[in-house]
């Protein structure tokens, strides 16, 4: 099965194309530190239009001089089908609605303490985010996210066993901590099992 174009970019199937996309995204985001988004978008659009029109004229001149076949230089992009059928549009809309309602329901349970343990973890996360906000802004995080998107999946594919082992150890420690917190919330209980992940207390 052919992989989607986005996955080809993320996994660097075409090194030249991925490099151009990543460089363009990072440079465009870095420009937002000094320029407004309107200026960045309009400047990039102007540069792209100047390039495409110049290439189109160049190929047309070659065709007039009988040095080329006259094929449109961007025919592959013009023929690219990006339309959605009615069923696909309905499916994506339903998925978006389900995700939005699920997120709203989760936030409702967290803010109104549906589960004390989950709300405490959410409180700790928000507290850490406040410190993160003092260190960097959203644009910096977006740039880091773009770089991570084009580097971490490929790194994971190449080092899958080592990464899985590392996260398995972390998950075991997290499970032990969750067991301890769960017992504290429930008013105590038997000591944790030393095996990875801990053992759940048996009910009588």
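Cβ coordinates are placed from backbone N, Cα and C, and glycine is handled just like the others.
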Of 138-156, 157-175, 176-194, the range TrEMBL labels transmembrane segment: 138-156
The domain 'Reticulon' (6-204) [mean pLDDT, rounded to integer]: 84
Intrachain residues whose Cβ lies under 8 Å of the transmembrane segment (20-53), provided they are six or more past its termini: 9, 74, 139, 142-143, 146-147, 150
Beyond the flanks of the transmembrane segment (138-156) by 6 or more, those residues with Cβ under 8 Å of it: 9-12, 18, 22, 25-26, 29-30, 32-33, 132, 163
